[in-house]
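First up is the structure itself, then whatever we jot down about it.
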Amino acid sequence: MKGRGTHAMSSKKNNLPKNVSVEMVDPDAGIWEATATIDNGDFGSRTLRFETGLLARQADGAVTAYLDEDTILLSTTTASRSPREGIDFFPLTVDVEERMYSAGRIPGSFFRREGRPGTDAILAARLIDRPLRPTFVKGLRNEVQVVITVMSIDPNEMYDVLAINGASASTQLSGLPVSSSVGGVRMALVVDEEHPEGQWVAFPTREQVSQSVFELVVAGRVTEPAKGGRGKKSQPNVAVMMVEAGATDNVVERIAEGAPAPTEAVVAEGIEAAKPFIATLCAAQDALRDAVDTESREFELFPPFDEDVYSAVEAECDADVAQIMTIADKQERDESLAENMQETVDALIEQFPERESEIRAAHNDLTRTIVRQRILEDGFRIDGRDHTSIRDLGIVVQLLPRAHGSALFERGETQILGVTTLDTLKMEQTIDSLGPETSKRYIHHYNFPPYSTGETGRVGSPKRREIGHGALAERALTPVLPSREEFPYTIRQVSEALGSNGSTSMGSVCASTLSLYNAGVPLKAPVAGIAMGLVSGLVDGKEKFVSLTDILGAEDAFGDMDFKVAGTSEYVTALQLDTKLDGLPSEVLASALGQARSARLEILQLMEDAIDAPDQMSELAPRITKISIPQNKIGEVIGPKGKTINQITEETGANISIEDDGTVFVSAVGGEAAEAAIEKINAIANPQQPKVGDRFLGTVVKTTAFGAFISLLPGRDGLLHISNIGGDRRIEKVEDELNVGDKIQVEIADIDNRGKISLVPVDED
């Protein structure tokens, strides 16, 4: 922390990279701090600090992480003292707590306190979990909880990648059995006048991201150092574990101005550019761990099975499983595999009493081995395809008659229904988070009901996985959406996963493009997505990598990589990668990207055959007309306490939204209602001065003892005196002839020097 003396670490300091330091900042309290400096060349440098010993001392591991000075978060890692019984998985939980005080704000909820995590917090938690989970030793069954608390944030910064590093650092100090530290970095390809070809900037600010064409988050760990040449210091090898990437909102406009398009080659360059920064961050975390001298704790491990069980299972059912894994139909294959597993359990349970879970785990591992071996040695996939083929595609557009847009996209047994709903800008989603956004115009929701996999389960509020898949599809489509000015609608896109056997998120991208076109949304370009996989292993003593196009669910589970790529025919709009390997060779990644592009182009062609341009908007969708009024007339159009605008809405049935710059959006399902509302708005904002002799069909808005006030135009009333109401007859009460809301034909008889209008009735005959 600031204001304290420092005490340099005496050991291992000379072995640190020059941009990493570690020191004791308070010897009495035992507070240590490691610092990593990120050099961005022309774009300056960033400083990340990891401090331990001051906050949350009772947690197993606690680190306060700083990005420069103003962005601070606390990461804690805590483990239960005993294993959780009755489970066969590692119970890791990652929670992100966004404290509104970190931005100097009070929560907008009724109780004025933080509630359940918002979308940003959930996505950040997933971003941390994905690279952190694989570092834990297999067989751990103790509950582990990582909690990230955002304590201070610069409004121009993003905290999620700092949280990846903080979570890894606190886990390193917890004494838990992990293989290595994890470093995470956000990279943005910033294009400006000084860098027309773009420069990759690490830990960019929000302002720098707005100047970029592509951003990506890369997480990885350091493996064995690479061998340096004679006289050269060896450089660490960085194994990429996770990538989350997407094009920026303005990528189409920036490319038109001459900026480089984020092609597959450019994306691969960005991933490579991230590796030195990851190595620096891992070095800082390791230095802090070594300085604190954390003791490793002993944990009981529960391997899924012992070798004797696996050998028995292999001897019992190897040939049967090999035959079953040639069945192309998912349901038939799953049923046959389940039956074979039960038969194997029945056959071996006497030999291995009370070890049924081991038999089942060994059966699963045998299945995995058979599938991988066939792919590597024979080029044979479960459903008979080669490694570059796409499953059969099916497309149906305008499936739902009352929806504004809909489309069904099928890829093999994966079936996605995309549904588009359009509404006025008043329906934008209000956002109460730490980010600068206060509203969102494009909303993408993804639903994954249990019946999509033939199972039962909970339905209702979305799970973290559904929120993550929806965010990925949203990221893929946002760069090609029309601007507010071009298309002044709020767009809600829903992806219904009706059947799942591999990459429903990429199926959602395809279904959404088709549905948006069907709704009449003028996309800048169609977008399609494909899921890739990877299987690696030794064949004839040599390491072999096989990239798989359009993976099945089983290939996802048994493979080494889940790699999703979405984009147009020209560039990538979204990418997500998770790998289980210690390292992904650059040439393998480049090959997989190229293979994904070929598949994407094939899918885009089939989508174009189904619908190649936006359809006419549905008659059920609101028609929105945009007009402009002088800013000094906004108050008159709204009226006191909204009286005038509410009156126009009530009389015409149109919805009206007024922006601060005088832009007015008028929407109605029927065109006549919108035209009537526009006419009334123009009458106020650009009025024609009423003159004696003008006639109007007015509305009674108020009655008094001396007459009735008649609304002629919005904001302009006239008085029909009681003496003129009855014609030749004398009336005692205005209400005997007229009441509020009545329509009456009147003529302007006089306008005095104060602008007061006197009216006389007009004989309708």
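Each residue's number is its place along the chain shown, starting with 1.
Cβ atoms here come from the backbone N, Cα and C positions, even for glycine.
If you look up Swiss-Prot, you'll see D556, D562 marked as Mg(2+) binding site, on the strength of sequence analysis. Among the features that Swiss-Prot reports, domain 'KH' is placed at 622-681. According to Swiss-Prot, the feature domain 'S1 motif' maps to 693-762.
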Cβ neighbour count (within 10 Å, all chains shown) around D556 (Mg(2+) binding site): 17
Helix-strand-coil residue split for the domain 'KH' (622-681), DSSP-based: 32 helix, 16 strand, 12 coil
Count of other CB atoms lying within 10 Å of the CB belonging to D562 (Mg(2+) binding site): 21
For D562 (Mg(2+) binding site): DSSP state (helix, strand, coil): strand
Counts of helix, strand and coil residues, the domain 'S1 motif' (693-762), according to DSSP: 7 helix, 37 strand, 26 coil
